[in-house]
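Quick look at what TrEMBL annotates:
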- MET45, GLY194: substrate binding site (BINDING)
- ARG120, SER167: ATP binding site (BINDING)
Amino acid sequence: MDSTTLWNHIESIREKSPLVHNIANFVVMNNTANALLATGASPIMAHAHSEIPEMVNICQASVINIGTLDEYWQQSMFLAADKASSLGKPFVVDPVGAGATSFRDQTLSELLNYRPTVVRGNASEIMALAKLNTTPTKGVDSTAESNEAIEAGLSINEAFGSVVCISGKTDIVLDGKKKVFLKNGHELMTKVTGLGCSATAIIGAFIAVIDNKLEAVSAAMSLMAVAGELAAKNADGPGSLQMHLLDKLHNLTAEEFSSLLKFSVE
Ligand SMILES: Nc1ncnc2c1ncn2[C@@H]1O[C@H](COP(=O)(O)OP(=O)(O)OP(=O)(O)O)[C@@H](O)[C@H]1O
Ligand SMILES: Cc1ncsc1CCO
Ligand SMILES: [Mg+2]
């Protein structure tokens, strides 16, 4: 895996424009749809029980985000995960606020049993998910560093086969064989809600078209972090960061990407 491979994957999303089904959350629904469009994908947000199986069937991947979970949406998520796994379609789970309440944890443990293609969360969420958490989750924000969650990520990969992404200052993407470390991004990204949710939605687009899932998730996270880093340079604060980020997801060039990307594989 090298910088050119990751860039080629970013271009393939722009060319193929996959249709991505999202069960998002009330906070980020608009932002994540816009992030997918800016990346070159085609988003559709849908959670009605009556249409989930058909929707999953026509889309190339699904994104399941538990951010504003309720009893109705919980069933939407199970329907989507069930249909995706029976059709062999890729899906990604964002365990927003894992460990905060037993309702979230029960929902997540059921979702994991459908063997998500990818799980992407911050360090606190990944540790809560692996039931190894010794640090209480502070709502939806992480209280831990991503490298503290590597063991937790590996245990999720071993139990459920998922590629695991732990986001933070360093984004870590792992499967049972390799670990990818991405050191781009900007601290200001933690001051805009739902950039992790946007990262997860973008992962949905990449797993829709790229067969190698470790590469797909690494390409998605490198796009998000490099675009965020460039956007932060032009931003006066969180409001303009969100605006510049959408622009950069859309118009990032090969030169910008290769000159900024900081990644390593172990
Ligand atoms: N301290 C940091 N420095 C640089 N980049 C960061 C930092 N923290 C997060 N990021 C970047 O922000 C993006 C979102 O990751 P983050 O870990 O904040 O997600 P999250 O906690 O799930 O966010 P949310 O729940 O608000 O969606 C990633 O692309 C990541 O690289
Ligand atoms: C703030 C917040 N609350 C539920 S979902 C969400 C968006 C970040 O995950
Ligand atoms: Mg999150």
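Our numbering is plain: 1 for the first residue shown, then up by one each step along the chain.
Keep in mind that glycine also has a Cβ here, set from the backbone N, Cα and C atoms.
Mapped onto this structure are the features recorded in TrEMBL.
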{"residue": "MET45", "record": "substrate binding site", "Cβ neighbours (10 Å)": "17"}
{"residue": "ARG120", "record": "ATP binding site", "Cβ neighbours (10 Å)": "32"}
{"residue": "SER167", "record": "ATP binding site", "Cβ neighbours (10 Å)": "27"}
{"residue": "GLY194", "record": "substrate binding site", "Cβ neighbours (10 Å)": "24"}
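The two recorded residues ARG120 (ATP binding site) and GLY194 (substrate binding site) have their Cα atoms spaced 13 Å from each other. Counting only the Cα atoms, the space from GLY194 (substrate binding site) to SER167 (ATP binding site) is about 12 angstrom. SER167 (ATP binding site) sits 24 Å from MET45 (substrate binding site), counting Cα to Cα. Secondary structure at GLY194 (substrate binding site), taken from DSSP and collapsed to helix, strand or coil, is coil.
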